[in-house]
Structures are given as C-alpha cells and as structure tokens.
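The structure appears right after this line, and notes come after that.
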Amino acid sequence: MSIPIPSRQLFIDGEWREPVNRKRLSVINPSTEEVIGDIPSATSEDVDLAVDAASRALSRNKGKDWSCASGATRGKYLRAIAAKITERKPMLAKLEALDCGKPLDEAAWDIDDVAGCFEYYAELAEGLDAKQKTPVSLPMETFKSHVLKEPIGVVGLITPWNYPLLMATWKVAPALAAGCAAILKPSELASVTCLELGEVCREVGLPPGVLNILTGLGTEAGAPLACHPHVDKVAFTGSSATGSKVMASAAQLVKPVSMELGGKSPIVVFEDTDLDKAAEWTIFGCFWTNGQICSATSRLLVHESIAEAFCQRLVSWSKNIKISDPLEEGCRLGPVVSGGQYEKIKQFISNAKTEGATILCGGNRPQHMKKGFFIEPTIITDVTTSMQIWREEVFGPVLCVKTFSTEEEAVELANDTHYGLGAAVISNDLERCERMTKAFKAGIVWVNCSQPCFCQSPWGGIKRSGFGRELGEWGLENYLSVKQVTQYISDEPWGWYTAPSKM
Ligand code: NAD
C-alpha cells in the first residue's frame, strides 16, 4: 500500500523554511513514472542561511554550544534520534522504496542500519571525552605534551541516492557525535527520507543549527556548499566525476575533504568452491539494491574449469529473481532510480553488444513491467579488458564475466581497474583467500561473501574510489582535528639566548 509523500521545506536552524527562490523539484516514483510529491530546491542563498545557522550552533552560549557539550549529551541526542527512527521504521521504509525504487524489505534493512548507526555513534560520543586528551611521551623532561581531538567545525555532507537515508547517516551520525554542526545535501533524485530526519531532529529537540538539511540540485545547492568559505570540511559520497569537481572547488580554500566514490569491484570464484553458495553471493553482490551499489562486485572472474556450469546457474537463478513494484511482497528487484539512469544503463548494454560482448541473459525491460525504470538482471560474457563494460561503473543490475586459469591471472584481472573500493574471493582454500586478500588493491575485501557491511568496520576505497574512511572509529576521525599541546615545565630558563649550547 502506498503512502503520501510528506510535504516538507528546507530544515534550517531547527525550523522548516521555504527556499528563498520558492522553487520545488518533483518526486517521481520510479516504478510508475508518476509524480508523487515534491521537495524544496535550495540555492546558494539557502546555503548561506544554513551555514550561518550551523556556525551559530557552534558559538552560541559560550562554552555551552554543541561542540562543547559533553560527549554524553551528544550521545543522548543521537540515541533519541535512533529511537524515533526505529519507531517510524515502517513509514520510512515505504518512503524509501517509493522514492528510490528499492524493494521494501531492503529499505527496511536500511532503516534498521540507520538506527543502528546512530546508536553506535552515540556510544562513541559517550566515550569521546575520555579520549580527547591523549598524553604524548617526549624525549625531554622539561616538556610535557598532549593531543586534543576537537570537532572540525561546520561540515558540508553531500550524499547520493542509492541508500538515501543510510548514506546520509554514515556522515551525520559521526559528525554530530564529534561535535560538528552539519549541512546535509542529499541527492535530488531521492531526498524524502532525509527530510524526515529533519522532523526527527526537531521532535527530539536537537539544538537549532546542529543539523541543517538542504535538498536541491548538485550544481545549485551542492556546489555552493562545497566552496563555502565558512564550511570547514566537505564529506562527499557520489560519483568519481562529481567528487573530482568537489575536490577542485574545495582546493581553492585548502578545505579538507573525504571522498567515497564509485567502483568496479571484482568477485573471484575459484574451482574448489560450492557452486550454489558462490552463485548466491555473486548474484547478491551485483543485483542487490537493484544493482545500484557502489561496491557492487560487477566483474565476475571465474575459473575456466567451472565457468560454463557456473554461468548456467547464474542465468537460471537470475531469471527467477522476482521483479516487481518494490512495495509488492517478495520483490527482489525494483526499478532503477530514474529515467536518466535507465537510459544510461541501456546504453552500456548496447555498447557492450556493439563492442562484441554476448548478452547471456537480461538486457531489456522485463515484459511484465509495462511502466517504470525496470531492467532485467543482465549477465554479459565474451568481455575483453578494453571494453567499456569492463572498465566503467554501470550502477545497475549488470554483471560482466571473464574466465581465468591461474591465481596470478585472477589477481591481475581483479586489479585491472582505476577503482579500488571492494573485492571478493570465493574459495574453500583459506590460504589462497589470504593471499588474494593481500593481493587485492581495494579498501574492502570480502572472503566467501560479497557486500556485508557493519557500522563498526571501516568503509572506503583507494585509487579513484576515493580516500578517507567512513564508519567505525575511522568515521569519527573524519570530523575531528588533532591539536598538539606542548608545555614547558622546567623552572630553568630555556637558555637559547644565554646558553645556546644547551639546545
Ligand atoms: P553524483 O556524483 O551524481 O551525486 C552525488 C551528490 O553530489 C548528489 O547529492 C548531487 O546532487 C551532488 N552534486 C552533483 N554535482 C555537484 C557539484 N558540482 N558540486 C557539489 N555537489 C554536486 O552521484 P549519484 O549518482 O548520486 O550516486 C551514484 C554514485 O555514488 C556512484 O558512482 C556510486 O558508486 C557512488 N557511491 C559511492 C559510495 C561509497 O561508499 N564509495 C556509496 C554510495 C554511492
């Protein structure tokens, strides 16, 4: 059953505010292609207001502002947010499914993860005070030194549409735990649940300006946020192309950034494995979330001795994936997020055919779905390493396959990419798994699985998949700066002027 999209404004300084230009953007249900609501469209004037509100949240009531509040106080707010999210899980999951097309079950997992992530960072916030002053041992007794970890300040958080509320939470929760004030700019393609986070913050009484939420276009709201002189750091998740633009504009002000970008991750299946288990992880690793996963293991490398049997399994399993409206019971694959993404993915498939690859299954709109941006799970073989389908991120339900004969060849093919987000190995030989783990050039390695993600472990890539790590304690460090404090504790004069030899 569908539900109405709440009509919200921008969330600035703890209040709902109409965008200065009063413009709104349509919300389109990707299953039906119908307009089901709208969201406010922020521009640079709204960015100024939000940055101002965030700055005031960090300077109001000297000593009692958000950054000076105890970790326990910040943790209390984060726990309250987690509780409200859990209370609203059914509604938030439906909104997420309607807005971005992901199956309702998967949207519900996301909402559980959102609540879990706020809880996790509540705990880290509570432990932060004790860690904030760390002594450093020095080789001279006349000095003592310690390190303070302090909130970076006002942070701009720019996020994508594939896990709308979850990707926002991976940034908002640690930023607030660290004592920063934030401006969140979610993707214009799926912002509805992020605006609901504003309502949750209002209800729990989060101090005004600590979290501001600006929906709108990347060029109109994201770009001015990234280069705003009073934003102290930008944390970005999105495509490598946009990430590069954000880095260039932040560089003008030497503003620190962290980047979670795209991927083209491999899954390597060896001949010594159980084919059913390997097939399940391969399919899940590429087709989950309608294939729109940054870490999708979208390049399958399979040992030549099992390639035929394995591909047959993949094809027959893929044909049995239930494709339907995401709200329908048992849906496993919904539509991709937008008409633009649909066209882009179709073009990738068509280019692969033109370049000489074979479409083993899928490649089209499923016949039973007359409307919506649906694409069948697609498996492509006869791929060469120079083809676009091998090299570029599709961000849809498309798996390309190559065979290998030796472990060395598998490593070479796996690392044959500009990206370095994830990599998976499936084998019963754990020593081999260990060798592969070390050989993969990636920020995340899965052994005998693909995709599981826990908020306690670091997440992020190398090469063009970005830098910096989200989640775990590493995620908190993203929003803390390190201050060295060194004190001279001797009663003796330092002696540079009187006795230079002492130095
Ligand atoms: P995108 O780069 O198009 O947009 C991401 C965000 O940037 C959106 O909020 C958008 O409005 C904003 N934006 C666009 N132009 C901007 C500009 N000039 N200045 C500032 N902000 C701007 O990415 P997308 O299509 O929303 O998301 C898909 C991409 O995200 C894929 O490449 C995927 O791999 C990546 N992703 C990575 C991770 C990760 O953890 N590494 C997670 C999820 C998604």
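Glycine is treated like the rest: Cβ placed from N, Cα and C.
Whatever TrEMBL says is automated annotation, not expert-curated.
Copied over from TrEMBL, here are the features:
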type	residues	note
DOMAIN	16-485	domain 'Aldehyde dehydrogenase'
ACT_SITE	GLU260	active site
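Around GLU260 (active site), the same-chain residues six or more apart in sequence whose CB sits under 8 Å from its CB are PHE236, THR237, GLY238, CYS294, TRP459, GLY460, GLY461, SER465, GLY466, GLY468, GLU470, listed in sequence order.
The residue listed as 'active site' falls within a strand when secondary structure is assigned with DSSP. Mean predicted confidence for the domain 'Aldehyde dehydrogenase' (16-485): the pLDDT average there is 96.
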